[in-house]
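What TrEMBL annotates here:
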type    : residues                                                                                                  : note
BINDING : Lys24, Ala25, Ala26, Leu27, Arg28, Arg178, Leu179, Gly180, His181, Gly182, Lys183, Gly184, Phe185, Tyr186 : ATP binding site
BINDING : Leu70, Glu76                                                                                              : substrate binding site
Amino acid sequence: MRARLPGWSLRERPMSTITLHEQKAALRKRIGDELKKLSPHEIERQSTAVTNHVLQTPAYRNAKAVAIFLSMPGKEISTRDIVLHSLDCGKAVFVPYLHPGKEPKSRVMDMLQLQDKHDFENLKPDNWGIPSLSRDSEGLRRNALGGLGISNKHDQKVFPVLDLIFVPGVAFDLSHRRLGHGKGFYDRYLEKYKTALDSSQAAQRMPYLVGLALAQQNLPAQEVIPVDQSDWLVDEVITAEKIKVA
């Protein structure tokens, strides 16, 4: 498990924070422009290669419970075949579920379990084309932090179960820094998971974190992703060409 990065607090370096935001936005736009040039066939080709790499990794083969993002069409590696293979193998598969947070207009991410392949195949796409869990099924689904439905909804006991999390990203660098989509869902979820794990006193480590990337989402060796103390690193990045382990 890769820890969060050290960094300056917002109070200490306000101008640095503004610059960081602008740097991330510019990098997202640059990578987004590159991804627009990719054909569906090329994304499918890379997705197949990445899937084949994933299925051979010890982290995947040994995992009993995995969390995995469901892909945005044309923007990232397709995780469809990894999900189907995981379900076929009897792994517990958890996928993102976004719901309103405590603050006005905020949203929070939990990881809720898919029941089976039929359940997965019948997910409806959201506004971005991402297969998504329905609100009316939320309360019936096992939460990766324990209990059913969204975390701590009924003060349920916390028993984190994940062995492996497949993390999306706009870009990754050679030091396994990750640039997300700008909403902070995964960084906040990992912090919440760590807090739950610590409070449960379970003899369990943080899940292994794997980034899945198109070749165009890997930064060249001389370039690094701008980060702050809230950003989590991944343990491994898998592309069509190679697997990069920390």
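From the backbone N, Cα and C atoms, a Cβ is placed for every residue, glycine too.
Bear in mind that TrEMBL entries carry predicted annotations, made automatically and left uncurated.
Structural mapping of features recorded in TrEMBL.
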{"residue": "Lys24", "record": "ATP binding site", "Cβ within 10 Å": "20"}
{"residue": "Ala26", "record": "ATP binding site", "Cβ within 10 Å": "11"}
{"residue": "Arg28", "record": "ATP binding site", "Cβ within 10 Å": "16"}
{"residue": "Leu70", "record": "substrate binding site", "Cβ within 10 Å": "21"}
{"residue": "Glu76", "record": "substrate binding site", "Cβ within 10 Å": "22"}
{"residue": "Leu179", "record": "ATP binding site", "Cβ within 10 Å": "21"}
{"residue": "His181", "record": "ATP binding site", "Cβ within 10 Å": "15"}
{"residue": "Lys183", "record": "ATP binding site", "Cβ within 10 Å": "11"}
{"residue": "Phe185", "record": "ATP binding site", "Cβ within 10 Å": "17"}
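The binding residues for ATP are recorded as Lys24, Ala25, Ala26, Leu27, Arg28, Arg178, Leu179, Gly180, His181, Gly182, Lys183, Gly184, Phe185, Tyr186; their greatest pairwise CA distance is 20 Å. Taking only the Cα positions, the spacing between Lys24 (ATP binding site) and Glu76 (substrate binding site) is 18 angstrom.
Counting in whole angstrom, Phe185 (ATP binding site) lies 14 from Leu70 (substrate binding site) by their C-alpha atoms.
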